[in-house]
Amino acid sequence: MMVDPNGNESSATYFILIGLPGLEEAQFWLAFPLCSLYLIAVLGNLTIIYIVRTEHSLHEPMYIFLCMLSGIDILISTSSMPKMLAIFWFNSTTIQFDACLLQMFAIHSLSGMESTVLLAMAFDRYVAICHPLRHATVLTLPRVTKIGVAAVVRGAALMAPLPVFIKQLPFCRSNILSHSYCLHQDVMKLACDDIRVNVVYGLIVIISAIGLDSLLISFSYLLILKTVLGLTREAQAKAFGTCVSHVCAVFIFYVPFIGLSMVHRFSKRRDSPLPVILANIYLLVPPVLNPIVYGVKTKEIRQRILRLFHVATHASEP
């Protein structure tokens, strides 16, 4: 429900997204590089999914998890970019209240799913390096599928209360969001009622999901490092080589996320463009960089991509 400043019920059931505060005049031109990054992200992640699906030798847990990561990256960037581009190019700044809640749920739940998949990938590397003889029996295809389903259920279940809590709040101050899309931290600050439940639950989610996942990933790599240090130099190089891409993906996801969360929680200036810029980085950079990192650092994927380009080049020749 939304109410007017006098406390009466209002017919307004929408929010206004202003895009990048302080950069309104530049938004039209900024949309072009953002659109290019979005297209690169979608194309890159679709390429990863296609390669893993069509290359039988890549039907292993690590690459199946990579496909899950690519699918989530496509969805998380698509949940925000079309509306953002509509704001920047067509000044379509309004978003219906329920649509805002749906977008909020999509962005936050997909982020939770991505964190879970990154944790699963760390577990895969731990088993492959520390217990190589048990890898095939521990991470079977049915078990990998169950982990993927668990990632979806966990992300959705943790974030489902957020729109429910927001739905209960009255909004009598303003319906203007200094942002390009709807995030829980921004919407709850517009409420004219006590938001402690939203704040506390938001912190619980960050600690129990993102915080716990990052700690478990760090712990798994400590165990991996302990095992690798006892190997020969050649074996060390091979083991580290299989982990580089995942470590990069972890940093690409968690560093912007933690930075964004800290700025949102502790920033006093609502009109500052910093949280919005960080949010755009958080939702666009991982989907763009993950396929590049895995394409460059993973030999099997790199060779398959080069083969695709080779076939496409010869097919275009007269």
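Counting starts with 1 at the first residue shown.
For all residues, glycine too, the Cβ spot is worked out from N, Cα and C.
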Recorded disulfide partner - Cys182, candidates Cys100, Cys243, Cys248, source Swiss-Prot: Cys100
Thr54 vs Ala86, membrane side identical per Swiss-Prot: no
In Swiss-Prot, the member of Asn45, Asn91 to which N-linked glycosylation site is assigned: Asn91
Stretch of maximal Cβ-Cβ contact with the transmembrane segment (146-166) [cut-off: under 8 Å; candidates 32-52, 61-81, 101-123, 199-219, 240-260]: 101-123
The topological domain 'Cytoplasmic' (220-239), counted residue by residue under DSSP: helix, strand, coil: 16 helix, 0 strand, 4 coil
Neighbouring C-beta atoms (10 Å sphere around the C-beta of Cys182 (disulfide bond)): 27
Sparsest-packed among the recorded positions, when each Cβ's other Cβ atoms within 10 Å are tallied, from Asn91, Cys100: Asn91
